[in-house]
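Undergrad: Sharing the features that TrEMBL gives for it:
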- A:49-232: domain 'Wntless GOLD' (DOMAIN)
- A:233-507: domain 'Wntless-like transmembrane' (DOMAIN)
- A:14-36: transmembrane segment (TRANSMEM)
- A:239-259: transmembrane segment (TRANSMEM)
- A:271-292: transmembrane segment (TRANSMEM)
- A:312-330: transmembrane segment (TRANSMEM)
- A:342-361: transmembrane segment (TRANSMEM)
- A:383-407: transmembrane segment (TRANSMEM)
- A:439-459: transmembrane segment (TRANSMEM)
- A:479-501: transmembrane segment (TRANSMEM)
Amino acid sequence: MNGAVIENLSNRKLFGIFVVLLCVQILFFLIGAIYAPSPSTFMEFEMIKCHDSSKGITNEWFHRENCQLIDDLSQFTPSSFDMREIVFVAKMPHARDGIELEYSPWFQFLLGVLHVDVEYSEHFKYVEHAPLSLEVRMGYRTKESGKNDWQELSSTNVSRILECSIKDEDKKEGRSYDCDMLDLFEFGSSNYPFYLVNIRIPINQAACRYNPKSPNCQIGKISELRLIEIHQNGGFTLIWLWMKTLLTPIVSGCLYWYWRRIHQLARNPLLLEKAILALGLSLAILDFPIEWISLTLRVPFLLLVSDLRQGLFYTILFSFWLIFAGEHLIDDTTRNNIMSYRFNLSFIITASFALLIYDLVERGVQLYNPFYSVWASETGSNIAYFTIFVGAICTVCYFAFLFYKIVKVWTTIRRKRAAQLYQNSENRRLKVEGVIYRFKFLMLFTLLCSAFTILAYFMKQYGEAQLHSDDARDGFLTGSTSAFFTGTFGMCNIYVLLLLAMYAPSHKHYKGASQLIDEEDDEIVDDGTHTESNALTTFLKPNTD
Amino acid sequence: MNFLVFILVVFWAPPIRSVLDAAWWSSVAQLSTSLAGHSAPRPVCKQLQGLSPGQAQVCELFKDHMPAVSAGAHNAIQECQKQFNGHRWNCSTHYGSGHLGPIHKFATREAAFTYAILSAGVTHEIGRRCKQGQLTSCGCSDEQKPKNVKSDFSWGGCGDNVEYGYKFSRDFIDIREKEHDPKRNSGNGRSLMNRRNNEAGRKILKRQRRPKCKCHGVSGACNMKTCWMQLPSMDEVGKILRNKYEKAIRVQINDRGNLQLMMDETAGKERKTRALPTDLVFMDDSPDYCRYDRSAGTLGTEGRICQRGASGAAGCDSLCCGRGYNTYTQEVQQKCNCKFEWCCKVVCEMCKNVTQVDICK
């Protein structure tokens, strides 16, 4: 039986490693806080209203240049019944400082949110949960093409439910409702520099008379449509990609080293070792900077891929924690067998499966129709609520179970130590104490990482709140959103790398460098099952027999 | 106030050589109506008598902003009139004076309110037009002057539009208070007060913005979140400013030429030692708005409609200042039995209503 690296490491070296890792961790935070801009940004568009004299028959694109501007909808007298002559127009992005801005592939994704401004009116009553149906055409233009040479990107009918509220005291002519925003579109890549959105709100008067619940019959008096476009900042993408690119070889190298260590063993690898290997592998997959190709090619599925990679990593990390705790339960004889964890693991599998379904439905369908939203339809939002509910319940159950396991491990260790440890030889006592100490140290490291994450999360929340105060100043904390992302990303990597390094089988055993271990191994070889995951259980096992 | 009537007024009213200096908002409105209409001789900013030299320069540079400034001022005056509807001072101008909105000779509370809501209105409208993409020169970020807008945008995105409106409003409106105008002898104190109230209006607008956020992490999780600020309506700004008007703080100018709080009758109770940046400040007592006085710049309440028996400011006892009122019978045509048709169309019948109107003597 050989030990893991952690058991053969002196405290001084361990301390040294921790200090170095802490410095690296701080570096990750600082990169995010100082160099990276905030992860995402927005641009707001108040859509201008144009009059289409052809009443929507032609396939014409409407933009600022050919727009017969309608300044105020309430002053406009339409000549058609279906209102398709009113076109809401926005060209993205805006010009700023007199310069025509462009979207760049560095933005990774573009998503659009629609705000409908509804005015209170005695005559045009808004009814709650009013179905809204929009005719949306989205065009794009490349840098080479002419100024108003728009190509069609997507043309679709979008249905959403308009949820608005107003206070009773505000129910006066001209006051505005407070409406929930609507998800409009989501592009998994940003490959064109300019976009043009044309929206019509058609109405079928006959259908309205027949059934007031028909789309657009109860949406009230619309005064404005406001479009908010959100994208990832190019600067953040750059720093994020370089971080991934630099980390990938390190993680891969470490993974290879670990894999070789395991294969040099005379026995089959233990479950815990396999779990760590899987964790390392999922981290390598997460780190791989596949996003570079999005800068040249049009790959809208990357957003989905990055979701899947994150999902995979968290699934394996959670499974690993469970296995790690389980393998340290000394009294449990069913260890080193993945099947004995099937009940507990089923929570994680169910949770991640539920979220996978949600993600595939939402972002998967968006690959074909960027205007799709699960939340738009009744059944869709039921499915979405159901999957998220199942996911949340399973996660809670999982953590309750994990907590129970950890408490069990702690009590077992304490009991063993109090009962029998001090009857053994001095040599062994020291060793066991040391191993328990190191085991606890790693458990605490996990807790420390979680604490850091939570702290960083609150810092991020605080920083974001600062941004929305009266006078936004660029302070240290306002950059904390990026720091949160780079910091937690760095922490994930450090955590897994440390596990790979510390829990790799030690060389010192088969090179005979450590006399202490060899001696003890001889004494306890009688258990003969080779199911121990590390030396801690090895030492304590004989006491239980 | 009907905009059309106002346009006519601007075009047909003979230029009045007022003892008061013409208000900038009135001049800008004049300019933008002629920019919009295609009347042959385009007035040049520098010829407008209401603008200070600095303002004329800004106006010349940012001609495309002037319709926005005018619309913003117009909204502000409308909101002001809505807020003071039925009060002795109701934010109105003497008909035919060629001005839009009230003009204040003294540094009163009413002047404070007018200045604050005007600068808020301009900020609001400029911000709105930025969002519409009508003003291409809107700034990109909060920094003073980005070196390269294009790469700034791809690196870290563009900032808030209100910021630009705020800066433009400050540059355009406050500039006249910083210039020394020999024609204006009211002195430094009034300028300081105006600047302060302008700033208060803009600050209130900024402070009333509400963040709206969208979560877009994995499966819509909120670890990735983007927020933007939603502008309040002029309605909300007007309401808050109205409150500030009630609690306006009296100041005086001290020896060093700074504004100083006056320790007057309120000193006994909660003594305020500092005014918030969003507080309105004033120096002079309000004139008697009951009677027409050209030298004080008041219109009087004669001919105003009041509410008989009402106890508030709009009640005839208060509004007519004890002069009494005449009652007339009036036949009003009103829309009634309106039928709903979506969006922009209501079909109504016209009904005749006979009502009684009380008008101050």
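Any Cβ shown, glycine's included, is placed from N, Cα and C.
TrEMBL: automatically predicted annotations, no manual curation.
I'm curious about the neighbourhood of these features; can you describe it?
TA: Here the transmembrane segment (A:312-330) has long-range neighbours at 270-272, 275-276, 278-279, 282-283, 285-286, 336, 338, 340-341, 344-345, 348-349, 352, 398, 401-402, 405-406, 408-409, 412-413, 416, 439, 446, 492, 533-534, 536-537, 540-541, 544, meaning same-chain residues at least 6 beyond its ends whose C-beta is under 8 angstroms from one of its own.
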Undergrad: The transmembrane segment (A:271-292) and the transmembrane segment (A:479-501): do they have three or more Cβ pairs under 8 Å, with pairs 6 or more apart in sequence?
TA: yes
Undergrad: Grab the same-chain neighbours of the transmembrane segment (A:439-459) for me: Cβ-Cβ under 8 Å, and only residues 6 or more beyond its ends, written as numbers and ranges.
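TA: Long-range Cβ neighbours of the transmembrane segment (A:439-459): 6, 14, 25, 29, 321, 328, 406, 413, 477, 480, 483-484, 487-488, 491, 495, 498-499, 502, 534, 536.
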Undergrad: Sequence-remote contacts (6 or more beyond its ends) of the transmembrane segment (A:14-36), Cβ cut-off under 8 Å?
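TA: Residues packing against the transmembrane segment (A:14-36) from afar: 6, 235-236, 239-240, 243, 438, 441, 452, 456, 476, 479-480, 482-487, 489-491, 494, 498.
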